[in-house]
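Enquirer: Take a look at the following structure, please.
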Amino acid sequence: METANYTKVTEFVLTGLSQTPEVQLVLFVIFLSFYLFILPGNILIICTISLDPHLTSPMYFLLANLAFLDIWYSSITAPEMLIDFFVERKIISFDGCIAQLFFLHFAGASEMFLLTVMAFDLYTAICRPLHYATIMNQRLCCILVALSWRGGFIHSIIQVALIVRLPFCGPNELDSYFCDITQVVRIACANTFPEELVMICSSGLISVVCLIALLMSYAFLLALFKKLSGSGENTNRAMSTCYSHITIVVLMFGPSIYIYARPFDSFSLDKVVSVFNTLIFPLRNPIIYTLRNKEVKAAMRKLVTKYILCKEK
C-alpha cells in the first residue's frame with residue numbers, strides 16, 4: 001500500500017435504505033416493530049433462564065448467551081438506522097464507524113462460534129446421554145463460551161486493524177445504512193487487494209469451517225434419528241430440536257457467507273441481505289428456540305405471572 005499525503009476523511013455519509021419519505025416511514029414502523037420484539041423477547045429469555053431454578057442445563061446457559069449476543073448484535077445498527085429515517089443527512093464519524101465495525105464483527109463471529117458450541121452440546125446430549133453431565137460440565141461450558149467470545153474478539157481486531165491502516169481521501173459516501181466493512185474498503189484511496197484478501201479469508205474461514213462442522217454434526221444426528229424413527233416422543237422431540245438448529249444455521253451463515261466470503265463488489269441484493277443479517281435474523285432466537293421449547297415457555301409464563309401480573313394486582 002502506498003504511503004502518500006491524503007486529506008483524512010473524518011466522517012462518512014450513509015445513503016440509507018431509501019430517500020423517499022413515505023417509504024422511510026413504512027420501513028421505520030416495520031423495523032421498529034422488529035427491534036421492539038428482539039429486545040424484550042431476548043431479555044425475557046435471559047431473565048427466565050437466570051431466575052428459574054429448573055433451567056440449569058448447559059443448553060439453557062448457552063441459549064441465554066445467544067440471547068445476549070442477539071440483543072447486542074441488533075443494537076449495534078438498529079437504533080442509529082431508526083433515527084436516520086428522520087435525518088436528511090445521515091452521517092457517522094470515522095471513529096464511530098470503526099467502533100461499529102469492531103462490535104458488529106465481534107458479536108457476529110462470537111455468535112457463529114457459540115452456535116457451533118450449541119451443536120456440540122446437542123450432539124453430546126443425544127449421542128452420549130449417560131456421559132453428558134460429565135462431558136458438558138459447568139467448567140467446560142464456561143470455557144467454550146469464553147473461547148467463543150475470544151474468537152470473535154480476535155476476528156474483529158484483525159478486521160479493524162486492516163481498515164485503520166487504509167487511507168481515505170474521498171469520496172466518503174457509503175451505500176448502506178450502517179458502516180459496512182465491504183463499503184468502507186471500497187472507497188479507500190489505495191489498492192486494497194491484500195487487505196480485502198485477508199478480510200475475506202478471515203470471515204470466510206470462520207463461516208465455512210463453522211458451517212461444515214455444524215452440518216456434519218447435524219447430518220450425523222439426522223442419520224441417527226432415521227434409524228431410531230418411531231422410537232418414541234423423545235426421539236421426535238430431539239429431531240424437532242435438530243431441525244430448529246439447522247434453520248438457525250442456514251439463516252445465520254447464508255447471508256454472512258454471501259456478504260463477507262466473496263470479493264467486495266457491489267450487488268443489488270447487498271442491502272436486502274444486510275438487513276436480513278443484522279435485524280431480521282436476531283428475531284429467530286425468541287421464535288425458533290423459545291417458542292418450540294416447552295420448558296422455557298412454561299418458565300416464562302411462571303415468570304410473567306409471578307413478577308408482572310402479581311404486581312399489577
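From the backbone N, Cα and C atoms, a Cβ is placed for every residue, glycine too.
Copying in the features that Swiss-Prot gives for the protein in this structure:
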TOPO_DOM  1-25  topological domain 'Extracellular'
CARBOHYD  Asn5  N-linked glycosylation site
TRANSMEM  26-49  transmembrane segment
TOPO_DOM  50-57  topological domain 'Cytoplasmic'
TRANSMEM  58-79  transmembrane segment
TOPO_DOM  80-100  topological domain 'Extracellular'
DISULFID  Cys97-Cys189  disulfide bond
TRANSMEM  101-120  transmembrane segment
TOPO_DOM  121-139  topological domain 'Cytoplasmic'
TRANSMEM  140-158  transmembrane segment
TOPO_DOM  159-195  topological domain 'Extracellular'
TRANSMEM  196-219  transmembrane segment
TOPO_DOM  220-237  topological domain 'Cytoplasmic'
TRANSMEM  238-260  transmembrane segment
TOPO_DOM  261-271  topological domain 'Extracellular'
TRANSMEM  272-291  transmembrane segment
TOPO_DOM  292-313  topological domain 'Cytoplasmic'
Enquirer: Counting other Cβ atoms within 10 Å of each residue's Cβ, which of the disulfide-bonded residues Cys97, Cys189 comes out lowest?
Expert: Cys189
Enquirer: For the transmembrane segment (26-49), give me same-chain residues lying six or more residues beyond its boundaries with a C-beta closer than 8 angstroms to one of its C-beta atoms, as numbers and ranges.
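Expert: For the transmembrane segment (26-49), the far contacts come to 17-18, 55, 60-61, 63-64, 67-68, 70-71, 74-75, 78-79, 81-82, 85-86, 275, 279-280, 282-283, 285-286, 289-290, 296, 299-300, 303.
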Enquirer: At least three Cβ pairs under 8 Å linking the transmembrane segment (58-79) and the transmembrane segment (196-219), pairs spaced 6 or more in sequence?
Expert: no
Enquirer: Let me spell it out: take the topological domain 'Extracellular' (159-195), skip the flanking residues so only those 6+ beyond its ends count, and list any with a Cβ under 8 Å from a Cβ in it.
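Expert: Those are 1-2, 4, 6-9, 11-17, 76-77, 80-81, 84, 90, 92, 94, 96-98, 100-102, 104-105, 202-203, 259-260, 264, 266, 270-271, 274-275, 278, in sequence order.
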Enquirer: In DSSP terms, helix, strand or coil for Cys189 (disulfide bond)?
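Expert: DSSP call for Cys189 (disulfide bond): coil, neither helix nor strand.
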Enquirer: What is the average pLDDT across the topological domain 'Extracellular' (261-271)?
Expert: 77
Enquirer: Cβ under 8 Å to the topological domain 'Cytoplasmic' (50-57), counting only same-chain residues 6 or more beyond its ends: which ones?
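Expert: Distant Cβ neighbours of the topological domain 'Cytoplasmic' (50-57) are 64, 295-296, 299, 302-303.
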Enquirer: For the topological domain 'Cytoplasmic' (121-139), DSSP counts of helix, strand and coil?
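Expert: DSSP classes over the topological domain 'Cytoplasmic' (121-139) add up to 16 helix, 0 strand, 3 coil.
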